[in-house]
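**Q** Found this in TrEMBL, in case it helps:
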- 36-57: transmembrane segment (TRANSMEM)
- 64-81: transmembrane segment (TRANSMEM)
- 101-121: transmembrane segment (TRANSMEM)
- 133-151: transmembrane segment (TRANSMEM)
- 157-175: transmembrane segment (TRANSMEM)
- 187-208: transmembrane segment (TRANSMEM)
Amino acid sequence: MSYPTHDRDLEKASRLEEILSRPIHTKSVVANPAPLGLMGFALTTFVLSCHNAGVIIPQSAPHTVVTGLAAGYGGLAQLLAGMWEFAAGNTFGATAFSSYGAFWLSFAVIQIPAFGVRAAFVASDSLVDYNEALGLWLLGWTIFTFMMWLATLRTNVCLTSLFFSLTVTFLLLTVGEFEQQKGITKAGGICGIITAFIAWYLALAQIVNKQNSFFELPIGAMPSKDHK
């Protein structure tokens, strides 16, 4: 004796199980994270550089406002942008944004009293050593930024100018910290302000287009390697 209805139910269940067991392929779409990273870098660099140059904020003032930006926007936002660049397959962007995000986070750690970085030097009467330690820290970032600049030489004028200006900024701040020369630190602050505006321009150039604006911004594309 047969049970056709039962057989059909088993067949349907088998097909349903087969459908559910099939792998689902979805296309992952990641928006361009570069403008976020550049904006976070630009604003935080601008405020710190104004402090270093004595513009609006005197050099003697505490880094309180800069510290907040360094932790939240320059640090966290840039670090997230770097992670999204990894997902997008952009090695340069991932390295740059993740590293400078970490730079700002480490800057915040140094400045926040609860971490006790500066207090440890003050307690041991080694404030000179603290300045030299900061100089060494800045020197490391100068070397890193110079290496990143070398990786921009065939990209576009804006990006190359950004990393060149940032290299000079770090170099001046390094010398100013080692020598404790406010004039050199001020020069580094002025270069930092220029760097911030280049970063803002580059970020805006990647946001505005013919779909959302009446203009586009040139970035000075370099000739390709196949260009004769």
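Just so you know, glycine gets a Cβ as well, placed from its N, Cα and C.
What TrEMBL says about a protein is an automatic prediction, not a curated fact.
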**Q** What residues elsewhere in the chain lie close to the transmembrane segment (157-175), defined as a C-beta under 8 angstroms and at least 6 residues from its ends?
**A** 49, 52, 135, 138-139, 141-142, 145-146, 148-149, 181, 184-185, 187-188, 191-192, 194-195, 198-199, 201-202, 205, 219-222
**Q** Sort out the residues at least 6 away from either end of the transmembrane segment (36-57), same chain, that have Cβ-Cβ distances under 8 Å to it, and list them.
**A** 63, 65-66, 69-70, 73-75, 77-78, 80-82, 85, 93, 96-97, 100-101, 104, 169, 173, 185-186, 188-193, 195-197, 199-200, 202-203, 206
